[in-house]
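Visitor: As annotated in TrEMBL:
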- 20: active site, nucleophile (ACT_SITE)
- 22: active site, proton donor (ACT_SITE)
């Protein structure tokens, strides 16, 4: 991990910033919310916690939760209509700040594109800048699994996404921002990682991140202090 001054330097000079979504850009975990909507909240949350603690391989945890939920296309649509995403305070201002500096912003998540699209729209992030998992449905709209070819469906997937972005766009400085261990593990190849504890604090991230913030205002100020 780069040290504090390297991380601050990278943040000020980033040509791309990748944000985790659940508990970072939005205040809760999308899949847990969907589960609560389907009256299976408690059950699913236990598995989420287990996975977060590293007790279950990421894809295995995903598969287990989705097999319990089996959300149909109609359920997902009803859910996204009934529950517009609750954005973390300051994120909208931060993203527009980055955009005005010509920094490319991506949402890189172990969550699902169908749940993240409304978040991207709310932040003016192009939908093609979402790197996340995809739910699959049969022609009648019933649940058909998820696309296991997506890098974000497996452990270490966020690092793969960042490496791909660096290759595609030739970025010299990519910063990953997130609350979880999977975000921290994406650096390297990311040049820097910033831990976010505004919604949930994960001790191992707080301990090991060279820069750990609990609100986005801090990051906005850090950007503007350059000008």
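Just so you know, glycine gets a Cβ as well, placed from its N, Cα and C.
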Visitor: Taking the Cβ of the residue listed as 'active site, proton donor' as the centre, count every other Cβ atom within 10 Å, in any protein chain shown.
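Guide: Cβ-Cβ neighbours of the residue listed as 'active site, proton donor' within 10 Å number 25.
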Visitor: Which number gives the other C-beta atoms within 10 angstroms of the C-beta of residue 20 (active site, nucleophile), all protein chains shown included?
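Guide: There are 23 of them.
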